[in-house]
Amino acid sequence: MEEIPIKVAVRIRPLLCKEVLHNHQVCVRDIPNTQQIIIGRDRVFTFDFVFGKNSTQDEVYNTCIKPLVLSLIEGYNATVFAYGQTGSGKTYTIGGGHVASVVEGQKGIIPRAIQEIFQSISENPSIDFKIKVSYIEVYKEDLRDLLELETSMKDLHIREDEKGNTVIVGAKECQVESVEDVMSLLQVGNAARHTGTTQMNEHSSRSHAIFTISVCQVEKNAEAAENGEWYSHRHIVSKFHFVDLAGSERVTKTGNTGERFKESIQINSGLLALGNVISALGDPRRKSSHIPYRDAKITRLLKDSLGGSAKTVMITCVSPSSSDFDESLNSLKYANRARNIRNKPALNISPQADRMDEMEFEIKLLREALQSHQASISQASQASSENVPDQNRIHSLEEQVAQLQEECLGYQDCIEQAFAFLVDLKDAVKLNQKQQHKLQEWFSRTQEVRKAVLTPLPGNQGIGNLEEGPQHLTVLQLKRELKKYQCALAADQVVFTQKDLELEELRTQVQLMMQESKGHAVSLKEAQKVNRLQNEKIIEQQLLVDQLSAELAKRSLSVPTSAKESCGDGPDARASEKRPHTAPFESHWGHYVYIPSRQDFKKVCSSTPVYSLDQVFAGFRTRSQMLMGHLEDQDEVLHCQFSDNSDDEDSEGQEKPRVRSRSHSWAKKPGSVCSLVELSDTQAESQRSYLGNGDLKMESLQESQEINLQKLRTSELILNKAKQKMRELTINIRMKEDLIKELIKTGNNAKSVSRQYSLKVTKLEHEAEQAKVELTETRKQLQELESKDLSDVALKVKLQKEFRKKMDAAKMRVQVLQKKQQDSKKLASLSIQNEKRASELEHNVDHLKYQKVQLQRRLREEGEKKKQLDAEIKRDQQKIKELQLKAGQGEGLNPKAEDQDGFNLNRRKSPFRSGDQFQKLDEQRKWLDEEVEKVLSQRQELEMLEEDLKKREAIVSKKEALLQEKSLLENKKLRSSQALSTDGLKISARLNLLDQELSEKSLQLESSPTEEKMKISEQVQALQRERDQLQRQRNSVDERLKHGRVLSPKEEHLLFQLEEGIEALEAAIEFKNESIQSRQNSLKASFQNLSQSEANVLEKLVCLNITEIRAILFKYFNKVINLRETERKQQLQNKEMKMKVLERDNVVHELESALEHLRLQCDRRLTLQQKEHEQKMQLLLQHFKDQDGDSIIETLKNYEDKIQQLEKDLYFYKKTSRDLKKRLKDPAQGAAQWQRTLTEHHDAGDGVLNPEETTVLSEELKWASRTENTKLNGSEREVDNSSSSLKTQPLTQQIPEDGPDSLPARSSIAPSSGQLQSIADKTEARPFTHSQSPVPHQFQPVRSIGPLQGVKPVKLCRRELRQISAMELSLRRCSLGAGGRSMTADSLEDPEEN
């Protein structure tokens, strides 16, 4: 198997609304066109996939998950899990939230993968797929089944199968058939999952969730299926795990207390174990060391995904906010380590697939044979139900035939031997003619017999044909039908190919036409755009020409009049002073030019005029850029929107004094000058009106864009909700229709049974009448007897008792008959009830279909509405682009406007000083507002700087704590290294001493006599051993000092974690220092500017020569600042409240959808239960119909008694099983007890078996081998310990010494513990012999070992089965037979006994 690394993807979520409102900085960003990511200033990480803040769900799925789905279909296991801190977008990415409240474009990985899987299934019709789904939650280190909430946590266990794969025992796996079924189960599990609200996340996942899709694939072989032959096909079972991990949490940030705090502890411990596993697998130096999978349950579940046999993708979700810098850095480090983990993917093909297929085919054939055999037996039993003696005779004849066949086989064997012997004898011995003739006749007769034996008898052949006839006819009939269907299919395929060709041709034509239409539409749009621009320019030019010509005509008419009237002393001038904007123009131009209405004026003035000012165009472009930025980011965050009312008020304030100045200036100059001034002012006024209309146009476009986008989101939510409800309604309608079919079927069965029981009702009525008549006659006789005076009192009393008994019996009979009659009437009324229920269900289905039609109509309406909104949004975007284009073109247009503007300025500077004064006042006002804004921004910067300083202090304190821990560990490491070095020096000194002693001893050995040489050599060997040991110690100490391994592995791991934490905190401190430095620099610059501006303010105020104004201005200035700051805070709170309201609305929508889903789910479960009830009713009705007149009450009572009896047996066998399991825990005691049993048996029987016992043992061995083969052919089998034990009792039952008549009557099937003990005591008191009872061999009494009474075979794996010896088998069967019943031979034994 090839090793491949797991794929790691990183996704950066956009800033949240709260983060944008509080001006959080972005500390994580991706590098475009690369797979790299930068955190802080210079920390770069490289991953397999990187997704920025603008990435979509579709992009993430197509890049990372789609290859995993294809691998799943190929037969590989796949896993995707999301990792990251809380609130980083893991659940959103995986798709584990509320499915119904999510629009189509925001669906996560799980819904998209489900659709892809079922699409792949539909594309492979030659493979039979079975899809199963499970949903498990790890909450507080406990497993919880989200699809079956009633399952106890103690029933869920993590185990490993035979292949080493991790499985969850006890989890519910639901088989699904469609996407709707899977989505419904996913929604049920998501609704049951633990979530909570913290300070960091409104919908924080409080548990780890694992959604598993199992795909079982079986290849089809149509040709082999046609011939009815066995065929081999591959079994592929693959799984896809979608893991949504809970996020790591900081208690200081989340603010969790109480239960949430306990959850945080469990979540962090599980994620710490996962991080340790990733570190151990990702570190190449620790690959051979232990991997701590068992530290947490989530790591045990992910064992196959991390370092196992699955294809894995890890999606790390990070937050770009600067407040989460350290968490994001740690997540990226873990993700970088995970890239070093290597898995070994393997195809999940079942190794026993061929064997299983062969067994399934054999089982199918055996079932068919069994059905045909049962049919023949049922026919024979119906035909011979009254001929029981004939059946016994048939059985006896069959036994005789079997014996005769055995004798015949023996005779054939003898004849064969004699034939061979006579052939040899004929060649070896000379015979006379007569003997040769007889021998030849015997040979010929033998040959004839052989031919007759080889040729089958016609009777046997007929029997074989009878047995194989129905199957053969069925196969032939099926083959004919199959050929007919194949011919029809071939004809249909020809037709379909023709239609496909026609369809392809039509599609190509449609595509060509669509392309042509698109080309025409593009050219049409371009032509319309050019035409519109030309029309607008023409209209503007025409309006300008009309205005100028009207003005010239007006001035030419007003020249002969007096100068006084023309300069503004008349009534028209006064009217123009009062209404300078529109009244003079309308009064003078009304007869010459067309004044458009408001709507027409809006259409005409929609574009920016050519003669706009540069500064106004600059402001216009700035607003356009702000609007486009807002439109790009409005799907992600809500931006702060500051009103421009002050600017509008300022512009209005500037316009009013200018108007006044113009109105006053009319009376100071002669007519010609007045005409020039009026003309220039008119152009300026029209210019301002056009500019005002442009701003209003932009604001209205912005507002309409926001409203349309909000409507679009609402429409998408409504569409998604309606689609979800339609899917649910479709499932409910289908289930209710199935229930109606079952009700109709039950009604038909009830009608047939009611017709059968109607006859019974009439019969019961007749019997009841007869019983009543007998009762009245008995009463009359009793009354007559009482009225008579009998002399014999005893006889009278006796007769009275007899009559009373008859009366009681008659009453009971009448009551029983009435009850039977009532039961029959109830059964007859069952069909009417079913009809009523069916009609109610049909009405309900009609109502659901009506709801479905309404939803479809609503879907169409919402779809049209969505299309309209999309078109409006596109139109608005096009208008915005046009306005920006015109604004950009207006910068360099028409220098005449600049000359005109310069002329106006020069004109205002020279003759009209009042206009300049008002303009200065407006400029001062603007300047004052700018100074206020500067101070506000400076205060805001100061607040942010204080927050950054506090955060830096917290990080520094945390770093100091980590440094203290690190210093302690380093000191300990230093002390340990010093101790090791001293130990090394001591060992080296001791080695030197030993070398000296060895050299001395070697000299002594050379010079010493032979007697002392032995002692000296022993001393030398001891010194050498000591030197070797010291050498090894010194080598180990040197190695530890060389590699620096002076601490324990746990302490080294802790030191490594501390170093990483300190590094992350240093990076965070560095980032904070940079941000603080930049803020301080900006504050210094702002302080300098502010001091200069304050000096300017003081100079200007001093120039006013009014001392009181200074104090007033300062008060006003502070008051304005405080008010603006309060306004800013209120706006911030308002927007936060709006976001909370929006989130609450989303929660309400999710809860409403969940409630609707649960209501439909409850209806679905109720329908399923009703369907199961109807199926049981059909079974009961069929049973009653087959019984042909038996009482319902009696049958139900028999069933209840049988159930009670079975419950008693089940309790007894469970208790026996528990006792045996307790005994099996002590293998030594069991071995000793078994040895004693064997000793007693050998002592009792002297170790010799008679021939009869040998025959019995051989038969039992055959029976045991068949039992073992049966067990080995199946995987595991449970023994039916209630009914099978009663039906298959062997003939070796224990009969007491008094004979079979003295057997005790049993009140229950299973003996009690007291009976077992008494039997055990009797068994120990009697010797084991075969001569105590005169009964035949099949009823020989055998003795039982008490502790083995009532043994229940334990469910074992095939690897634990073994073959039982003959002696052991005999003893076990004897022990089981002594209890009065037979049990399957138990093959359980301790491993130590093997």
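Sequential numbering from 1, following the chain as shown.
Just so you know, glycine gets a Cβ as well, placed from its N, Cα and C.
Some features that Swiss-Prot has for this protein:
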type	residues	note
DOMAIN	5-341	domain 'Kinesin motor'
BINDING	Gly84, Gln85, Thr86, Gly87, Ser88, Gly89, Lys90, Thr91	ATP binding site
COILED	352-418	coiled coil
COILED	498-554	coiled coil
REGION	559-582	region 'Disordered'
COMPBIAS	571-580	compositional bias 'Basic and acidic residues'
REGION	642-665	region 'Disordered'
MOD_RES	Ser643	phosphoserine
MOD_RES	Ser646	phosphoserine
MOD_RES	Ser672	phosphoserine
MOD_RES	Ser675	phosphoserine
MOD_RES	Ser704	phosphoserine
COILED	709-891	coiled coil
REGION	886-916	region 'Disordered'
COILED	921-1078	coiled coil
MOD_RES	Ser999	phosphoserine
COILED	1118-1152	coiled coil
COILED	1186-1226	coiled coil
REGION	1267-1319	region 'Disordered'
COMPBIAS	1267-1280	compositional bias 'Basic and acidic residues'
COMPBIAS	1281-1295	compositional bias 'Polar residues'
COMPBIAS	1309-1319	compositional bias 'Polar residues'
REGION	1325-1344	region 'Disordered'
MOD_RES	Ser1365	phosphoserine
MOD_RES	Ser1387	phosphoserine
Quick one: give me the count of other CB atoms within 10 A of the CB of Ser999 (phosphoserine).
10
Tell me the Cα distance separating Ser999 (phosphoserine) from Lys90 (ATP binding site), rounded to the nearest angstrom.
74
Between Ser999 (phosphoserine) and Gly84 (ATP binding site), what C-alpha distance do you get in Å?
67
Most crowded position, judged by CB atoms within 10 A, among Gln85, Thr86, Ser88, Thr91, Ser704 as recorded positions:
Ser88
Indicate the candidate from Gly84, Gly87, Gly89 with the smallest number of other Cβ atoms within 10 Å of its Cβ, considering only these binding-site residues.
Gly89
Rounding to whole Å, the Cα atoms of Gly89 (ATP binding site) and Ser704 (phosphoserine) are apart by 31
How many other Cβ atoms are found within 10 Å of the Cβ atom of Lys90 (ATP binding site), counting all protein chains shown?
26
Where does Thr91 (ATP binding site) sit in DSSP terms: helix, strand, or coil?
helix
Could you state the CA-to-CA distance between Ser88 (ATP binding site) and Ser704 (phosphoserine) to the nearest Å?
32
Rounded to the nearest angstrom, how far is the Cα of Ser704 (phosphoserine) from the Cα of Thr86 (ATP binding site)?
36
Work out the three-state DSSP category of Thr86 (ATP binding site).
coil
DSSP three-state call for Ser999 (phosphoserine): helix, strand or coil?
helix
Ser704 (phosphoserine) -> DSSP, reduced to three states, gives helix
Taking only the residues in the domain 'Kinesin motor' (5-341), give me the average pLDDT of this model.
83
Compute the C-alpha separation of Thr91 (ATP binding site) from Ser704 (phosphoserine), stating it in Å without decimals.
33
CA pair Gly84 (ATP binding site) / Ser704 (phosphoserine), Å rounded to integer, equals 38
